Amino acid sequence: MKKQNLVSFPENLEAMRKFSETYAKRTGTFFCIDSSVTAVVIEGLARHKDQYGAPLCPCRHYEDKKAEISATYWNCPCVPMRERRECHCMLFLTPDNEFASDLQEIDKTTLTEQIS
């Protein structure tokens, strides 16, 4: 599959980091206590955005990623997250989730260290 080189991967990574922070704050959700989970999910969203032009949920298997992107159901934030605040990836956790931290931000250094 041909890569869309509209924006470089580092720019998409930063865009997904900012999106994740903003969305967590807006929805009153929190990142996982294990920052590597948060980092890997943000990286996956950025890679899908880089490859396909959309932040398709990286925690699921798809037979046809382009079809899934067109359907929009699993584009982040996915329908289960928007409707029920259920994030399969554990990126956005409700405060009562045993794996939720008290963080709604992840700095660039932590993100980069966790995915290198």
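Quick reminder: no glycine exception, Cβ is built from N, Cα and C everywhere.
Under the heading [4Fe-4S] cluster binding site, Swiss-Prot lists Cys57, Cys76, Cys78, Cys87. Here the Cβ of Cys78 ([4Fe-4S] cluster binding site) has 21 other Cβ atoms within 10 Å, regardless of which shown protein chain they belong to.
The Cβ of Cys59 (active site, nucleophile) has Val41, Gly44, His88, Cys89 as same-chain neighbours under 8 Å, each 6 or more residues away in sequence. Positions annotated as active site, nucleophile by Swiss-Prot, on the basis of similarity to another entry: Cys59.
What Swiss-Prot records for Cys59-Cys89 is disulfide bond. DSSP assigns Cys89 (disulfide bond) to coil in the three-state reduction, placing it in neither a helix nor a strand.
Per Swiss-Prot, site 'Increases the nucleophilicity of the active site Cys' is recorded for His88.
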- What is the Cβ neighbour count of Cys76 ([4Fe-4S] cluster binding site) at a 10 Å cut-off, with all protein chains included? 26
- For the recorded positions Cys87, Cys89, which Cβ has the most other Cβ atoms within 10 Å, all shown protein chains included? Cys87
- Message: So if I draw a 10 Å sphere around the Cβ of His88 (site 'Increases the nucleophilicity of the active site Cys'), how many other Cβ atoms end up inside it?
- Response: 13
